[in-house]
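These features come from Swiss-Prot:
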ACT_SITE  37  active site, proton acceptor
MOD_RES   37  N6-(pyridoxal phosphate)lysine
BINDING   137, 317  substrate binding site
ACT_SITE  269  active site, proton acceptor
């Protein structure tokens, strides 16, 4: 049994709360395609997906086929979409498990069409046409959509189940970001209209990510793709205070050692922290190998007995040190909240940690190394 005190708590009650918030944000009749890629943003795909399926989520989105297979093997029966498409040789398994895939090349289309013909499962390959409206990553360029759709008709074993795109800057609420999101929405709407003009009838039309769910009115869409908002974090600082979501993840540990150090004493690698006065230092068994960013050196904060304590010195692979001089009553064995809500009421949000680490909340959540850190599910 792993007795190491560094654990991640996943609050399923908070997940349910956030799901309800998203349901209220989208228009009536708009379904939810929950994004559970990257092990549900570090929260554990199996428990999260099972909980969302109980809540009535319409479908799940993953990054690649292996993640979709994991969902199916864990008993998930709702539709699954591979956002990043599949690779050569994966066609048969994708079709056999009734998993839908993004499509953005005729070579992909030909391979899927042939696989559907050969496996004789009397099931067409379900595809979602990915349109590049300005992200510049994956997708058929928006101006090439008419020609692509015309050529796609030659493949009789494909079903255009959906059409989608992805916003590049929906989380940027400055005039430039807003204008580009509007331009992408217009390009996407034109692509949808072109598909219908050519006789396609996609079941699902979707473009709204978490940021767009909070800001955009997209009446031509009937599916939304909430990701980070489900996990209680915000797409960017521009959304602070706009939605009462609840953090689902709490990373916690315990004080392993306390010691007083004299003025001039250096702490950790590189001697980046030197005590200016007599200080009480707590050693806590968590480090960058667990996903606690090394860039939080001398910047990060933790909560002990409801009080904040700053990281003192370089974050190590397995340890951090905290200056707890002003934490009243601190003792060996005390709980330490490193990320997420503390039982005493304060919270180290993913946004706060990301800002101090010079990154984004997505990386903070996905970076928690659950191969080393146990997950405990609550609620």
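Note: Cβ is positioned from N, Cα and C throughout, glycine not excepted.
Features recorded in Swiss-Prot, as mapped to the structure shown.
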{"residue": "37", "record": "active site, proton acceptor", "Cβ within 10 Å": "19"}
{"residue": "137", "record": "substrate binding site", "Cβ within 10 Å": "11"}
{"residue": "269", "record": "active site, proton acceptor", "Cβ within 10 Å": "13"}
{"residue": "317", "record": "substrate binding site", "Cβ within 10 Å": "11"}
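Under DSSP, residue 269 (active site, proton acceptor) is assigned to a helix (H, G or I) in the three-state scheme. A straight line from the CA of residue 137 (substrate binding site) to the CA of residue 37 (active site, proton acceptor) spans 17 Å.
With respect to their backbone Cα atoms, residue 37 (active site, proton acceptor) and residue 269 (active site, proton acceptor) stand 35 Å from each other. A separation of roughly 11 Å, to the nearest angstrom, links the Cα atoms of residue 317 (substrate binding site) and residue 269 (active site, proton acceptor). DSSP classifies residue 137 (substrate binding site) as coil under the three-state reduction.
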